[in-house]
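Below is one structure, written out as structure tokens; comments come after it.
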Amino acid sequence: MNTGSTGGLLATPHGASRGSHGMRLFSRRGLTCLGALLLIGLFYTLRQQDPNASDRFHSSFNLKPSELAGRRYQVIEAFDHAWRGYSTSCMGHDSIHPVTNTCDDDFGGLGATAIDALSSAIMFERSEVVTEILEFIAKVDFTKVTGGTSLQLFEVVIRHFGAMLSANDLLDGPFKHLKVDPHLRETLLNQTIKLGDVLSCGFSTPTGIPRNWVDPALCTTDSGTSNTLAGIGTLVLEFGRLSDITGHRVYVEKARKAEQYLINPTSAEQMPFPGIYGSFVSVMNGRLMDSKGSWGSLADSFYEYLVKMYIYDRDVYSTYLDRWRVAADSTIRYIASHAYGHPEWTLLPYWEGQRRFNAMDSLSWFAGGNFVLGGMITGNQTLVDFGLSIADTAGAMYSMTATGLGGEFVMWTEDCLGNWGDGPCTANNSVRLSDSSFKLRPEVLETWYYAYRATGDPKYREWAWSAFEAISKVCKTSTGFSAISDVNAPDGGKKLDMQESFVFAEVLKYVYLLHLEDDGNAFHVQDSRHGMKNKWVYNTEAHPFRVVGRLV
């Protein structure tokens, strides 16, 4: 996103990477900036909580197989609707603006939406769509960029590269039966390797820590002196998978070398709490540059991958899980916050050093699922319960808006002293939306999926279904689904004419998975507490990778 602010809590250090579209705050979604949160503006108050408001989400029964299948069919219909809109008007471009039906190339013009949709198309068994995407991939020249000369390493790794790696696993395994030309499958692998080679250029720095902007034609990087925690720490799964598929260790060795600066930091004095980081790391010497951070933008998927790498190969990445446990413990002890009048709600504020700022972006909601997953694989019920409290808080946030969807930023007060916003503070308004837009983000759905896998409680599935229905009601356009301006307006306010590729890769997939039968389905996250083993692990864009190590 473009920003003119330099004084916000997460202001960019001197020398941070910039691109042709201005500064981007790289994270799991790469879109949010706390500076916007701190601008003085109109607060949106969540509707007073009705004791019965959450009843519309709860279900006291388990759905029959036919009912689950019916819901999955509706999810696939939504996928087909959005795919038709994109492929008809913007095939090959990065995204479609689903209100004006115009196209955008905001990720280098390499077809971000087409490629990011691939794993969902395979899992939904849309053979014609899979073939259409594979034919497109076969023609892409990953050294040619539209709208500039550089690619964003983080975004292309998690979206394009992750999707293609996943498709290799899926089409070579449980979806061999799909009618796909064998030549296209072979070409997919060759193109995946070519993309991996292009992206590896990002590691050409004095330390081996990647810069985030890569010129694929020249195999050079930008001149930035820093990268984000997420930009460095969200690469090892993808490059590791390519090494395991090809047998060439050079890919994973580069990613692991960069990651070691985070696993064994040399400037621990910048860490405000044990295992807790700031947001920026020097590309020049590997030192942590600040103590400002969160579980959201700029850092989120670094923490996410510490758990997931252990699942991917427990023997190789056990130290990653050790590092995550320290961060998880510090989060519970020192960071977690509760709004006045609602001790049952768990929120994750920003921090600067040991000072907390009671604000939370929508990306941070993924942490609930991350704690649940970490608790499941380690047999730690405290971690599971903490994650569930975040999942339940998200349910409360969604239940109190007019649309049944959550806003982009929340703020809260813990002590409720004096006036709060535009009037007296009470338990009914101690949490407020400071940005009431809904950007079609998947993090809450992701957390509800993990919560459901850990508990079997149907409320999480019902919450997700209600959110899906709300998206279908207020976000749908003739060619897809659009972000909306105001979740507190019954009609969602203005349609913002934005549809990111993760609508295909994540939003629809998580709703689908929540309605997939439990009986031995290999794609489900499994609960190690009950002796079950994970055969697949999802990257941060919800692309499933086959686990290679001893199963956990």
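Cβ atoms are placed via backbone N, Cα and C, with glycine included.
Here is what TrEMBL records for this protein:
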| type | residues | note |
| --- | --- | --- |
| ACT_SITE | Glu155 | active site, proton donor |
| ACT_SITE | Asp300 | active site |
| ACT_SITE | Glu408 | active site, proton donor |
| ACT_SITE | Glu443 | active site |
| BINDING | Thr540 | Ca(2+) binding site |
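Sequence features annotated in TrEMBL and their locations in the structure.
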residue	record	DSSP (3 states)
Glu155	active site, proton donor	helix
Asp300	active site	helix
Glu408	active site, proton donor	coil
Glu443	active site	helix
Thr540	Ca(2+) binding site	coil
Ten-angstrom check, please: count other Cβ atoms within 10 Å of the Cβ of Thr540 (Ca(2+) binding site), all chains counted.
28
Whole-number Å value for how far the residue listed as 'Ca(2+) binding site' lies from Glu155 (active site, proton donor) (Cα to Cα):
11
Least surrounded among the active-site residues, given as Glu155, Asp300, Glu408, Glu443, when other CB atoms within 10 Å are counted:
Glu408
Length of the line joining the Cα atoms of Asp300 (active site) and Glu408 (active site, proton donor), in Å:
16
Do you know offhand how many angstrom separate Glu443 (active site) and Thr540 (Ca(2+) binding site) by C-alpha?
10
Just to verify a number: CA distance, Glu408 (active site, proton donor) to Thr540 (Ca(2+) binding site), in angstrom, no decimals.
19
